[in-house]
Amino acid sequence: MDHFNHTWSQSFILAGLTASETLRPLAFLGTLCIYLLTLAGNVIIIILVQVDSRLYTPMYFFISVLSFLELWYVSTTVPTLLHTLLHGCSPISSTVCFFQLYVFHSLGMTECYLLGVMALDRHLAICRPLHYHALMSRRVQLWLAGTPWVAGFSAALVPASLTATLPFCLKEVAHYFCDLAPLMQLACVHTGWHTWIHIVVIGMITSCSLVLILGLYGGILKAVLKLPSAASRSKAFSTCSSHIIVVTLFFGSAFTVYVGPPGIRAEGKDKLITLIYSFLTPFLNPIIYTLRNKEVKEAIRRITQRIRAV
């Protein structure tokens, strides 16, 4: 890696994913196809919730907010991934690099909070069905949907600003986008203190969100087991299964990268694990919420019939 004056850096170089010259075109085409399908799938969910009156419920409103978030989340890192796959090592200005770092972690923390809000919605719907619509008014929905964005973009200021103020002696980022650990490896100073601050901030947010989600699902499980019939228990569980899959994918991979053992980062496995929650999860969300959801599939059928009639 090249050394340069640490007082000012005009640009970094993204190393990208390790791939042979013959595999790069295939990897580029595959990534581009998945990216376009991700955008299309999440846009379709947003349109369905806005157009179909039977989906005017708090649960689908929060799903549409999650889809809107995923559009931005995947678009924060995939363009640089595509560029490195197509051209190899790619330069990126320090301003764009730190902005990407901030936006990526802001959206990631926003998703942590939003998944907690979605678990709260399911908890109220199943545990307090008689008071659900009174508790989850339109005003409350908007407040619950907006608060994660404010909290996420505020919390991400800490790790992003600490990293941006470091003096850098190297410029080759061993990743396909600007992330915390790869950037700190380029610093001229010891970053142990910064690493602990990042772990505390990100770890506390993800841990608190996960504990909240597990606690809410514990209450859901307790309430569902008290239901009299197997059919009612199955219906209650089915409304939560999609959310549980998304939570498992997102939190499992994020914890491994940011709170897991340093050996994962040293071996370069963090880049592949990052693909799960930053790329594959946004791609799988529309599939999980449509293929496992009868109401969404019926909404697609109704809108398709409407389009054919026109």
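Cβ atoms here come from the backbone N, Cα and C positions, even for glycine.
TrEMBL labels come from automatic prediction, so no person has curated them.
Pulled from TrEMBL:
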- 41-289: domain 'G-protein coupled receptors family 1 profile' (DOMAIN)
- 26-49: transmembrane segment (TRANSMEM)
- 61-82: transmembrane segment (TRANSMEM)
- 102-121: transmembrane segment (TRANSMEM)
- 142-162: transmembrane segment (TRANSMEM)
- 196-220: transmembrane segment (TRANSMEM)
- 240-260: transmembrane segment (TRANSMEM)
- 272-291: transmembrane segment (TRANSMEM)
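Most Cβ pairs within less than 8 Å of the transmembrane segment (26-49), among stretches 102-121, 196-220, 272-291, belong to 272-291. For the domain 'G-protein coupled receptors family 1 profile' (41-289), the model's pLDDT averages out at 87. Tertiary proximity for the transmembrane segment (142-162) is limited to same-chain residues at least six positions away from its ends with a CB under 8 Å from its CB atoms, namely 61-62, 65, 98, 101-102, 105-114, 116-117, 120-121, 180, 194, 197-198, 201-202, 205.
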